[in-house]
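Right, one structure below, let's go through it.
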Amino acid sequence: MTTQFKIPAKEDTLLKYRDEFVIPTFRQMNASAVPTEIADQPVTYLCGNSLGLLAKRSKKLVEEELEVWASKAVEAHFDHPYGRGWMWIADTVHPYLAKLVGASESEVACMGTLTANLHLMLNVFYKPTAGRYKILCEARAFPSDQYAMATQVAARGMNPDEVIIQLKPRKGEHTLRTEDIIDTIKREGSSIALVLFAGLQFYTGQLFQIPEITAAAKAEGCVCGWDLAHAVGNVPLSLHDWDVDFAVWCSYKYLNSGPGGIAGLYVHDRHADLPVQEAGWWGHDPATRFDMPPTFKAIRGAQGFQQSNPSVLSIVSLLGSLQVFDAAGGMQAIRARSLRLTGYLEALLKQSKFYAPPEAFFRDGAELKFTIITPANPAERGAQLSLAFLPLGRGVMPKVLKQLEARGVVGDSRKPDVIRIAPAALYNTFEDVERAVKVLDEAMEAVAKEGLPAKA
C-alpha cells in the first residue's frame, strides 16, 4: 500500500524548497533516450547521497565573495561589505552545524576534509596501551576510514590485521545487528581502545544505532567516535546528549556544499581542554592570532583543532545550503518528509515484477531481478536504498545504470552489483520517486531484451 506515504502537494509544506536548488536538465545530463520536447525539464536526481545539488543561495553567496575579493582584496578579512569578515567566516556556519549534529557551537568546527579530520581525531583519541589497543569497526567501512585506521595503527608499531576488529553481518544477512555489535563490545571491551563506526553505512545504507552503541562502548571504558559522512543532513543527531566523544563528516552529500566541500568535526565539551597535537595558527586564540605570538594558545573546544585559514568560497557555499535547512524547520521536519519519500520508493519498488526479496541475494539464481539490501525498518536507514542486481557477477548493474542514465534517472553505483538511490527531502518529489521506479522497470526490460553474458 503506497497511499500512506505520498503527501498531497497542497499539504507538502517542504515542497517549496525544491525551488531553492538548481536541478540539471535532461539535456545537460545527456539523457539520450528522453524525448526532445522534455529535454529542458529537470532530471530525476536521486544522487544527493553522493553529491548534493547546488543551492541558489550558495551560488549567490559565492558570487558575492568573488565580488568582495575583487573589490576589497585583503581588507575583506576585517572590512567586509556583507558583514562576513573572512577572519570570522567559519563562525557563520558553526551555529547551523551545531544545531544539525546536536551540539554546542564550541563543540563543532568547520574545517579541512573528512579524512584529514579523522587523522587529527585519531591522533588525540586513539591511545593504545599494552592491554587496551584494539579498534572495533564495521567490515567494509568506507575505504578512506580503513586506510586511516590501518596507518594509524601501523604508525604505532602494531599490525592492523591483529588490532582492527572488523565486524561482519551474520551469514545470509546484509547488515549488522545492533545486538551483535554490543555483544562484541561487551566481550572484547577490556581490550578495545576505540569504537569507530560510520553513522550510516555507505554501501548498504544501514543507519547504526548511535546512542545504544555509544553507551555500550562507554560502559566498557572505550572511546567512541563516528564518521557521519552519510548521516549529517540525512537523519537527526544529538551527539552531545548521546555522549559521543568525537565525530567527523563531509558536507558535499546531504549538506549540498559542492564537490570537495569543506568538512567538519565534533568534540564533546568534556574533552575541550585536550592538548592539540597538530597545531595551526587558525586554532590559536583569535584575540591574538594576528599578533603572531610564538607560543600556541588553543581556542577551547573543537575549534582549537583548526589549522589553516579555511576556504571562504567553500564555507559560504555550505552556508547557503545550511540556510535552507534552517528555513525548512531543521532536521526533524526534513526527516519526517524523508521517511515518507523513501518509504514510498520502497513500496513502489516492491511492486515491480523485477523485485526479489533480500534472501534472493544469497541464492544462485539466473533470473534478472533486483533486491533491496538496505534495512526495511525505517529507523535503521536514512534516505538511501541500495539495490543489488541479480544474478550477481553477471554485469547486470552497469547495464541497468546505463539505461537509467539514458532516461535521466541519476543514481550512483558501487561495484560489482549495487546502485544507490536516495531521494533528498529538500528537493526531491514524490513524482521523482514514481518516475524513478517506472524508468527502472523500463531499464530492466531493456537489459532483458539485450540479454546477459553466459555465466563464467
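Glycine is treated like the rest: Cβ placed from N, Cα and C.
Note that the structure is predicted; figures quoted are calculated from it, not measured.
Annotated features, as they stand in TrEMBL:
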- Leu114, Thr115, Phe142, Pro143, Ser144, Asp145, Asp227, His230, Tyr252, Trp281, Asn309: pyridoxal 5'-phosphate binding site (BINDING)
- Lys253: N6-(pyridoxal phosphate)lysine (MOD_RES)
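Features recorded in TrEMBL, as mapped to the structure shown.
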residue	record	Cβ within 10 Å
Leu114	pyridoxal 5'-phosphate binding site	23
Phe142	pyridoxal 5'-phosphate binding site	18
Ser144	pyridoxal 5'-phosphate binding site	15
Asp227	pyridoxal 5'-phosphate binding site	29
Tyr252	pyridoxal 5'-phosphate binding site	23
Lys253	N6-(pyridoxal phosphate)lysine	27
Asn309	pyridoxal 5'-phosphate binding site	16
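Once the Cα atoms of Leu114, Thr115, Phe142, Pro143, Ser144, Asp145, Asp227, His230, Tyr252, Trp281, Asn309, the listed binders of pyridoxal 5'-phosphate, are compared pairwise, the greatest separation found is 31 Å. The two recorded residues Ser144 (pyridoxal 5'-phosphate binding site) and Lys253 (N6-(pyridoxal phosphate)lysine) have their Cα atoms spaced 16 Å from each other. Calculated from their C-alpha atoms, the gap between Phe142 (pyridoxal 5'-phosphate binding site) and the residue listed as 'N6-(pyridoxal phosphate)lysine' amounts to 15 Å.
Lys253 (N6-(pyridoxal phosphate)lysine) and Asp227 (pyridoxal 5'-phosphate binding site) are 13 Å apart (CA-CA, integer value).
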